[in-house]
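Data first, discussion second: the structure below is written as structure tokens.
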Amino acid sequence: MAEFDAATLLVDRNLALELVRVTEAAALAASRWIGRGDKNAADGAAVDAMRKAFDTVAISGTVVIGEGEMDEAPMLYIGEKIGLGGPEVDIAVDPLEGTSITAKGGPNAIATVALAERGGFLHAPDIYMDKIAVGPGLPEGVVHLDAKPEENLRELARAKKCSIGDLMVCTLDRDRHKDMIAACRKAGARIMLLGDGDVAGVIAVSQPDTGVDIYMGSGGAPEGVLAAAALRCIGGQMQGRLLFENDEQVSRAREMGVTDPKRIYGIYEMARGNVMFAATGVTGGPMLHGVRRSATSATTHSIVMRSKSGTVRYVEAHHNFALKPAAFVS
Ligand code: VTB
Ligand code: MG
Ligand code: MG
């Protein structure tokens, strides 16, 4: 059992719920753009609303995973200081994870935020990361990024006391995963292919309802850190390795503190110490409902969790447009 410190507990608990307001604001703004074929407008609306929502949160936050560098992103750029003032924390954001799916009205787009104590997050550059993740309650090291897909599936099936045919692999539907997908199918596993949205894909391994047993494949490195923060709270194992396509990316990563470009990061190296994670569904998926709107109101569905307590909370919020600041509902 953890030590009881009422003051810290209160701050942490309140903060976790504040984070939901931030992802709700981003999701509500993005929901205006569902299916309208303009992913940049959807993304811009989410970023704008999330940035404004942070102004009301009692933290002294520094964005470490964000929308890019100061000169290329006007808001939520890496290094930006956000919040009203309060505990010193690092922030990772993806205001709209799944911009293309939102533009097409497809499933699984979320607005997401994670928070760590200062220095808690891997400073991941905006490149690809190779990822593997499984849910809680399995022997440590049951799967490994360097093992072949069929070996990982064999070990996972053994640990879960099932056959490979019972396992569901989740990955992004990309040409670069062709060989891995073929290997999984050859081994007899089933595969769920995602159009976008590997943060939700990784989190799915820790949620029995989704039917996903293992996530494999490459996606955004910032999304990898966000997913690691979520799994720190909800349980599960994850490994990630940055994938560099050229020397410029390597030197960029070095500037951000990455000393060994080949390193395999464990979940605690991507998200250390106390972390919190929140996400609100923009379009519906197996984990979260999407935003449902009427002329005068909207309903949002969010998940919020803290690594310290391990509590996972689902929050259904009913928003009355007449009583909300216009900035969050337009
Ligand atoms: C994934 C996915 C994101 O980027 O991280 C992906 O989760 C990786 O890049 O939603 P590619 O699309 O180039 O494969 C996104 O699609 C966009 O951030
Ligand atoms: Mg984004
Ligand atoms: Mg993204």
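Yeah, the Cβs are placed from backbone N, Cα and C, and that goes for glycine too.
Residues or ranges marked as Mn(2+) 1 binding site in TrEMBL: Asp43, Glu67. Feature annotation from TrEMBL assigns Mn(2+) 2 binding site to Asp94, Glu97, Glu223. For Glu97, Gly98, Thr99, Tyr128, Arg174, Asp175, Arg176, Asp196, Gly197, Asp198, Gly220, the entry in TrEMBL reads substrate binding site.
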Ask   = To which of the binding-site residues Asp43, Glu97 does the lowest count of other Cβ atoms within 10 Å belong?
value = Asp43
Note = binding-site residues Asp94, Arg174, Arg176, Gly197, Glu223: those with Cβ under 6 Å from an atom of ligand 2 are Asp94
Request  = Filter the binding-site residues Asp43, Glu67, Arg174, Arg176 down to those whose C-alpha lies within 10 angstroms of the C-alpha of Glu97 (Mn(2+) 2 binding site); answer none if the list is empty.
outcome  = Asp43
Ask   = Near Asp43 (Mn(2+) 1 binding site), which binding-site residues out of Thr99, Gly197, Gly220 have their CA within 10 Å?
value = Thr99
Query = Out of the binding-site residues listed (Glu67, Thr99, Arg176, Gly197), which are within 10 Å of Glu223 (Mn(2+) 2 binding site), Cα to Cα?
reply = Gly197
Query = Can you tell me how far the Cα of Thr99 (substrate binding site) sits from the Cα of Glu67 (Mn(2+) 1 binding site), in Å?
reply = 13
Inquiry  = So if I take the binding-site residues (Asp43, Glu67, Asp94, Glu97, Arg176, Gly197) and measure from each Cβ to the nearest atom of ligand 1, which come out below 6 Å?
reply    = Glu97, Gly197
Task = For ligand 3, pick out the binding-site residues Asp94, Arg174, Arg176, Gly197 that have a CB under 6 angstroms away from one of its atoms.
result = Asp94
Remark   = Given the Mn(2+) 2 site Asp94, Glu97, Glu223, its other Cβ neighbours within 8 Å of the Cβ centroid, in chain order, are Leu96, Gly98, Ile110, Thr112, Gly197, Asp198, Val199, Gly220, Pro222, Leu226
Query = What is the number of other Cβ atoms found within 10 Å of the Cβ of Gly220 (substrate binding site)?
reply = 22
